[in-house]
Structure formats: C-alpha cells, structure tokens
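K.L.:
Here TrEMBL flags 23-287 as domain 'NADH:quinone oxidoreductase/Mrp antiporter transmembrane'. Look at TrEMBL and you will find 60-80, 92-115, 151-170, 177-195, 201-221, 233-254, 274-293, 323-346 tagged as transmembrane segment. Annotated domain 'NADH dehydrogenase subunit 2 C-terminal' per TrEMBL: 289-341, in sequence order.
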Amino acid sequence: MNPYILAILLFGLGLGTTITFASSHWLLAWMGLEMNTLAIIPLMAQHHHPRAVEATTKYFLTQATAAAMLLFASVTNAWLSGQWDIQQMTHPLPTTIITLALALKIGLAPVHAWLPEVLQGLDLTVGLILSTWQKLAPFALILQINPTNSTILIILGLTSTLIGGWGGLNQTQLRKILAYSSIAHLGWMILVLQFSPSLTLLTLLTYFVMTFSTFLVFKLNKATTINTLATSWTKAPILTSLTPLILLSLGGLPPLTGFMPKWLILQELAKQDLALTATVAALSALLSLYFYLRLSYAMTLTMSPNNLSGTTPWRLSSSQSTLPLAISTAMAICLLPLAPAATALLTP
C-alpha cells in the first residue's frame, strides 16, 4: 500500500476515535464511529484476497447495522427527552438500544458471531488494530452513557465470558482463538462496568497490553495455526519460552499481569452481593485458560513434523522491529506488583 494512503487511513482511524472521545453530542459521536469504520476498511481489504474481501464485507455490514441502530436510538432519545447529550440518557428504551448497538460494534455475545469470522480473514497487523484500537471509541460511549439497566449488562457480560471460553476450545486457527479471547475479556469488562467504571478501564488497558504482545509474537513467527507454532522454537527460542507466560497472563493466572483485573473484578462482584455471577465468571475463565494452555503446549512441548511447510519458515528471518514486542511482553508478564497502586487510583 502507498505510504501516503496508509498515513491518511491511520490518521482517519485516530481522528475518528478522537472525535468520539471528545464529543458530547450523539451525532458527533456517531460521525466519529463512522470515520473509524471507513478508515479501517481499505486496510482490511488491502491484500485483495477473497477471504480478506469477505471479512471486510462482513465487518462493514455489522458496523453499518450497529451505526444505524445507534443513530435510530439517539434520534428516539431526542424525540422522547429533547436531549442530544450523551450523558443525558434518561429514557430506558434508547439507552438499551444504544447499549446493544455498541455491544454489536465491539463484538459482545450474543451479537459476537461476526468477530471470529472477520478476524480470521485479516492479516495479523490489521487484526491487532481491530482487536485493540477499534474497541476504544465504543467503550468510551458505553462508559459515558453508564447504562442503568443492570440486568442487561450482567447478561451480556456472562454470555460473553462463557461463549468466549467455549468458542475457543475447538479452534485450531490462532486468529479465531484470539477473537474468542477478546469476547471473553470484553465480557469481564462489561460485568463490572456499572459498579466500577475505572476498573473496566484498567481491564481494557491490561487486555490491550497482553493482546498486543500476543499478536506481535504470532506475527514474528508468521504463525496463523496451532501447528505453525510448533516450529517457533528454532526461530526464536527465548521468545518461545516467554510466550506461555504471555498466554497464561491472558488466561489470568497469578503472578502475571492478567491476574490483576480478574482478581479486582471478582472482589468487586462479591462486594455487590453477586457471588453467583462471580462464580460463573471465574469458572468460565477456566475454559479460556484451557485453550491458552493448549497453545502453550503446542508451542513449547511439541516438536514440529518435518514436512516442507514446517521447514521453510525456519530460514527466513523476520524484519519486524522487536522493541514494541519486548516492552509489551515485559508489561504483560510483570505488572502484577502494581496492583496496590492501581487499586489506590481506582478508589475515589
């Protein structure tokens, strides 16, 4: 892709998200989301591969549906209450429709079906943008409307953690596994949203760090299936020994970074007398943990079958810059000791 066009598209991505962040009016927020969608579409379809084009089409249709729902709900809200302000959502009907529209935008269960399919058709770099940056603007809106209907949030959160765990169990494609991991993490964020928005933000940031690290590892190894991971020990032995730690951090095991948000969320849910919800969420985390362990096992404890597809990637050194990978890996593994500082910042 022409570097000038790439720069314009990335600028459009940044601008769309910034407009949504800065807006207090629904039309402006909707415009930011639309800019975001339109800027990432050429990036998704840049390889002209049938799968990429199919993924782009699916993504465009779901995002357009969500944007239409959002516009419809904000117009309904203006009609019912005379308010276009994002923080003045008083009527339950538009609030619920907007919550569902934003859930469709970020891929929460039960409106998640597009996410694994779309992610599977993209290359790892655009997949990384889709899994991290594209979640920011809708999340900013969800945090601002502060949905009053607690039941719908808990249902969305629990179904997402369960489907995110279950869906990933039978997968062999890494991008689909990462998509289901994304759904599960988003479920955790939505569960605690109404009780502690700042904790949701903390979870989102730790999820970004861990996902960034995981995508970069897969990109360095040029791996898209579990079997290709088995050849990584010849190319990057030290990274191969660190990757299980990143994956287990995504799974939420102590003493790694990923344990911090899960621990704080379970604590918050228990404080709010939602012991059953906390138990179901914790058990669903075990489902996710299983497929992270499966990836770790494939990567570090199995030898690759020596066929042609297994031997070719060994001789090609990667041209990828390793500094972002080193920083994000260190953060994905070592940030748990900062938990007391995080809790001190979270408590108002």
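Even glycines carry a Cβ here, placed using N, Cα and C.
Explain the structural surroundings of these features, please.
P.N.:
Residues 124-125, 127-128, 131-132, 135, 139, 143, 174, 178, 181-182, 185, 188-189, 192, 228-229, 231-232, 235-236, 239, 243, 246-247, 249-250, 257-258, 260-261, 264-265, 313, 318, 320, 322, 324-325, 328-329, 331-332, 335, 342, 346 of the same chain sit 6 or more residues outside the transmembrane segment (201-221) yet have a Cβ under 8 Å from a Cβ within it.
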K.L.:
Taking all residues of the domain 'NADH dehydrogenase subunit 2 C-terminal' (289-341) together, what is their mean pLDDT?
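P.N.:
Here the mean pLDDT over the domain 'NADH dehydrogenase subunit 2 C-terminal' (289-341) amounts to 79.
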